[in-house]
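Below is one structure, written out as structure tokens, with a few remarks after it.
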Amino acid sequence: MTLQEIKDQVLAGFDISSAQATWLANMADSEALYAAAHEITITCASHEFDMCSIINAKSGRCPENCKWCAQSSHYKTQAEIYDLLPAEECLRQAKYNESQDVNRFSLVTSGRKPSPKQISQLCDAARLMRKHSSIQLCASLGLLNEEELRALHTAGITRYHCNLETAPSYFPTLCSTHTQEQKLATLDAARRVGMDICCGGIIGMGETMEQRIEFAFTLAELNVQSIPINLLSPIPGTPLENEKALSEEEILRTIALFRFINPTAFLRFAGGRSQLTPEAMRKALFVGINSAIVGDLLTTLGSKVSDDKKMILEEGYHFADSQFDREHLWHPYTSTTDPLPVYKVKRADGATITLEDGRTLIEGMSSWWCAVHGYNHPVLNQAAKDQLDKMSHVMFGGLTHDPAIELGKLLLPLVPPSMQKIFYADSGSVAVEVALKMAVQYWYAAGKPDKNNFVTIRSGYHGDTWNAMSVCDPVTGMHSLFGSSLPVRYFVPAPSSRFDGEWNPDEIIPLRETIEKHSKELAALILEPIVQGAGGMWFYHPQYLREAEKLCKEHDILLIFDEIATGFGRTGKLFAWEHAGVEPDIMCIGKALTGGYMTLSAVLASNQIADTISNHAPKAFMHGPTFMGNPLACAVACASVRLLLDSGWAENVKRIEAQLKEELAPARKFPQVADVRILGAIGVIQTERSVSMAYMQRRFVEEGIWVRPFGKLVYLMPPFIISPEQLSKLTSGVLKIVREM
């Protein structure tokens, strides 16, 4: 074996073996080892340095006999003794550390575990800190159970720290009053309640290099992503007071090995690092340290935050604005106390996204399915610039303008012939709201005010606003929390006949029975035609739409198509209704309408709908968004629609579809995979179990691709301008990561 082979193995995403790690530990050329570890660090690990500070919230004599610990009651040391600090003092120190750009603040207590009263006090302190500070909260409080950890998590503590300290084979030599199995039980409980975990240990306690390797592999098996590495500072009075300090070369070699074994983790320098020379500290940052506990430690002095920051920046790491982002910006579908990771983007061009750290990602999501032309397109850029020189916005009430008129002229030839009226809206969700209101007002105007409810199919998604949520699946959808507050709609099973399979006539029966029973109160049936998007990425048979249309006409019910996600070529047809040849009464479009540049949607309706509403009091449709018909958005939309029609979109989508079918096919044989389905420029891998979004997204980024999975779905919706080579990188990266599950 060679260093190059082992390094390439890690860079390719494969784990190394214990034998390979031992070979690395014994190689003579330390500098070559450090350089290889550095390459792994800059390729696989985060470049954004993570700083944590701690507060020794309670110090005293502990019943455990850990040989390294100054707070053990078994040894005579000079460690301070004091009870739990007041919550106000914890807050004061948390706010100070936040002002120093520290990411995390950890509450630490001595002893096996706090009393129930102290747990309650610590929860109160956490709530106080969350109320007055945005710093992320961690805790290291000993061997806790799931109930105690859940209380802490509810109070705002998002990460739990419990060190295994050393290799499983060596731990009993250092402590006999508790076991590593008890520590592992605490870590497992923390994960079950939704906490992230932090777990590492101390080197230099008499263990061998082989045992350090064993320890690093133990942490890798646990998939720990925050690994504190403490250097023993022998404390007078403890059994290890005369332990010889490790050489700087041995410390650096250990860090390198930890990086080879845990390539993506935050290796967090913690206690004892003050014994290193500045040169060795810089070398440690070079080799693999990308995180640190700053300030004073528990029983040993630490370092000044300002000094640490200066050195960290000089070694090529950065403190991005993502800290402010984490603390103050609430991203979609995530927590503020334990947010999903975000990756800061520097720019985007074509089918690529460039992160602030320089990494380039192939775009697989089209920014939630809207950027069909890719990014930074000169035609769309110019359209926006030209319109800015004229006007960016005027109200659409009582005024009109060329961009809105021109966009309407472009859209009408593309949509069903019966669609003759266009109502501009702000977003996809708002378009659905408008469509539902339009249906209700239509029946009111038609003299049937009792027809004010809706029917739809399960596993649907129509948006995040109030009435849009009401027609999303109330059980499997993302809005079940609001179910008891939303208007009650009628839901029938989604058709299981595949788009490219045989049609089962029985699939229409539940819809027929529901419509027959409730037709007098139903205003409309709303459907995502052919493709159910965020509700499950399912492609159903076109015959369902034909049968549904017959039922709607037979029972005097409007048909609404939500083409927000499917419109503008995504399914291989310009709009998905074309697969079935079924024309709706009302249709919603959005997302790709502006090529992903600006938010804009439109609701299209027949003359019958519009005229009926307009000829009955109040003789107007009662909806008017502030930014309705925004001229800047309309101008870009005009350019986007023209660009799509002139770009050979149909050939591009056929090419993408063929390549997705060929290159995702191997996933059908994976034991982790339940289904693979392709339609147009949509590729879906459905897994047997739910995916970890944070973990898989990080792995996708490491592969140089941008994919955002959810639930049991890993899917691709690339821009239509993606090259075959870029698409191959996407598909190969997806297959690799799914295979790892």
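Positions of Cβ are set from backbone N, Cα and C atoms, glycine also.
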Among Ser106, Ser110, Ser169, Ser233, which is the one Swiss-Prot gives for the [2Fe-2S] cluster site where Cys138, Cys198, Arg268 also bind? Ser106
Can you find which of Asp357, Asp556, Asp562 Swiss-Prot lists as binding pyridoxal 5'-phosphate at the same site as Gly428, Ser429, Pro625, Thr626? Asp562
Among Lys591, Lys654, Lys736, find me the residue Swiss-Prot lists at the same (8S)-8-amino-7-oxononanoate site as Trp368, Tyr461, Gly624, Arg708. Lys591
Does DSSP put Cys66 ([4Fe-4S] cluster binding site) in a helix, in a strand, or in coil? coil
Gly624 ((8S)-8-amino-7-oxononanoate binding site) - helix vs strand vs coil (DSSP): coil
Here the binding-site residues are Cys62, Cys198; the one whose Cβ sees the most other Cβ atoms within 10 Å is Cys198
Could you round the CA separation between Lys591 ((8S)-8-amino-7-oxononanoate binding site) and Gly428 (pyridoxal 5'-phosphate binding site) to a whole angstrom and send it over? 7
Rounded to a whole number, what is the top Cα to Cα distance in Å among the residues the record ties to (8S)-8-amino-7-oxononanoate, namely Trp368, Tyr461, Lys591, Gly624, Arg708? 34
Nearest of the binding-site residues (Cys69, Ser106, Arg268, Gly624) to Ser429 (pyridoxal 5'-phosphate binding site) - Cα to Cα: Gly624
Candidates Cys62, Ser106, Asp562, Pro625, Thr626 (binding-site residues) - the one closest to Trp368 ((8S)-8-amino-7-oxononanoate binding site) by CA: Asp562
Within a 10 Å radius of its Cβ, which of these binding-site residues (Ser106, Ser429, Thr626) has the fewest neighbouring Cβ atoms? Thr626
